[in-house]
Amino acid sequence: MDYLIKAIAYDGKVRAYAARTTDMVNEAQRRHDTWPTASAAIGRTMTASLMLGAMLKGEDKLTVKIEGGGPIGAIVADANAKGEVRAYVSNPHVHFDLNEQGKLDVRRAVGTDGTLSVVKDLGLRDYFTGQVEIVSGELGDDFTYYLVSSEQVPSSVGVGVLVNPDNTILAAGGFIIQLLPGTDEETISTIEKQLSQIEPISKLIQKGLTPEEILEEVLGQKPDVLETMPVKFHCSCSKDRFETAILGLGKKEIQDMIEEDGKAEAVCHFCNEKYLFTKEELEELRDETTR
């Protein structure tokens, strides 16, 4: 079962998050029919976005957008404080041979010429936006760079996805480690040593390690778990929302739809759900609109 934990370690000097996201990424793969390299890219992005979302409170939410200039196009993920994530990729049918390390070549798919941006909606008038250049294209390092440079928190992000031969997801998950102000050199060097020795995160999940055990591997000590929360792929789209969008087109455009096709189909970017509007429904919307 997918879930996320929030924890502290080293007498509260280190804040940590870890998650198993296999089912969540599998749902995205199923909905978007992503090929393996695209699955790894969207899965890593969703996992990191989930953990960034877990740092928020209440109704706060955020959107992550990655545009690296690669063949995959843009990757967009929405996450909130409740463990819900949805995401899409411009070109889901992208796959390459494995790279020199024998891993899915996410860097080649994402590209290295572009930006990673995070827009936070904290319920205030203005959104908080942080943007960094893509430094790696492998995404874990890029999210690390975002946290260090945009949020000024020394951090390490690990995200991984393993894909089955039939394109379904074998394992997915990740961790974020953050050093709080006043962390001593000894703690820092211990964690750096641990990070340099651990196996790839997706391998740890494939082996059956829980998020708690993953953090123990990463930190070199048992973390103090503060909160455990279920996580899932969740999209907030609905037919009502698309009705509102159609109303916004105005009478003429709705009339054109009726005359040209006699119906309309709306598809949600984030979850690929399709909503069909019949001729009668379109006529009702046309008569309702004031524009």
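Glycine is treated like the rest: Cβ placed from N, Cα and C.
For reference, Swiss-Prot has these:
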type	residues	note
DISULFID	Cys235-Cys237	disulfide bond
DISULFID	Cys268-Cys271	disulfide bond
To the nearest Å, how far is the Cα of Cys237 (disulfide bond) from the Cα of Cys268 (disulfide bond)? 7
Which of the three DSSP-derived classes (helix, strand, coil) applies to Cys235 (disulfide bond)? coil
What's the CA-CA gap between Cys268 (disulfide bond) and Cys235 (disulfide bond) in angstrom, rounded? 9
In which DSSP state, out of helix, strand and coil, do we find Cys268 (disulfide bond)? coil
Number of Cβ atoms other than its own within 10 Å, given for Cys268 (disulfide bond): 18
